[in-house]
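As recorded in TrEMBL, the features of this protein are as follows:
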- CYS78, CYS83, HIS157, HIS162: Zn(2+) binding site (BINDING)
- 209-223: compositional bias 'Low complexity' (COMPBIAS)
- 209-241: region 'Disordered' (REGION)
Amino acid sequence: LVCLCRKSKGKPNGKKPAPEEKKLYLEPEYTKSRITDFEFKELVMLPREIDLNEWLASNTTTFFHHINLQYSTISEFCTGESCQTMAVCNTQYYWYDERGKKIKCTAPQYVDFVMSSVQKLVTDEDVFPTKYGKEFPNSFESLVKKICKYLFHVLAHIYSSHFKETLALELHGHLNTLYTHFILFIREFNLVDPKETTIMDDLTEVLCSSSSSGGSSGSSSNGSGNGSSNGAGAQNHVKER
């Protein structure tokens, strides 16, 4: 066993992830692309006069609509045949129904589950109240955390499986801007466990470090995004979530 472990470290034993390890979305020419050079660090901070739950509700609802719209641009390419599992790099996600039953589904089915359930929540007055004087439920923050986790899965799937199509549509600047804004927001309020987002840490480092240092790029394809695109090595095994 010891010999096998040493051997597998030195030589991947035919299991070379090289073709998948070169992630197109990490190429400097694409990571530079944004649709604005606004400082998102300032944008996500809680304004003094705004209630925290109101701020979380407003932003979560907006992110839901934007991520849903971004996914819709490539949805015709995300099919049961092309995406037989909800995968991000080497991690496979499963949906859990209301009873906690694990459901293996295709990526489009998973995204449909996500969007349907989130739509139901954000339009429920008992969960996301819009009328004056109506209180947020005690479970509100935990629900927001669950929503943000699922929305992250959708964003990550777009990058890992449909970035070529996003490029062809010239929407990568929109995707980068949305991802940067979303990640800085969930970090600001600790809404998603860092272990959950670690799968995209290489992209996050490139996009969010350039943003937080004031170096986010200008419109569309020009700008001064961080050029380092060395991501962490892909794992050889498939993880389940």
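Every residue number used here counts from 1 along the chain in the order it is shown.
Glycine too: its Cβ is placed from the backbone N, Cα and C atoms.
Structure with TrEMBL features highlighted.
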residue	record	Cβ neighbours (10 Å)
CYS78	Zn(2+) binding site	20
CYS83	Zn(2+) binding site	19
HIS157	Zn(2+) binding site	23
HIS162	Zn(2+) binding site	23
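Of the chain residues outside the Zn(2+) site list CYS78, CYS83, HIS157, HIS162, ILE74, PHE77, SER82, ALA107, PRO108, VAL111, ILE158, SER160, SER161 have their Cβ within 8 Å of the site's Cβ mean position.
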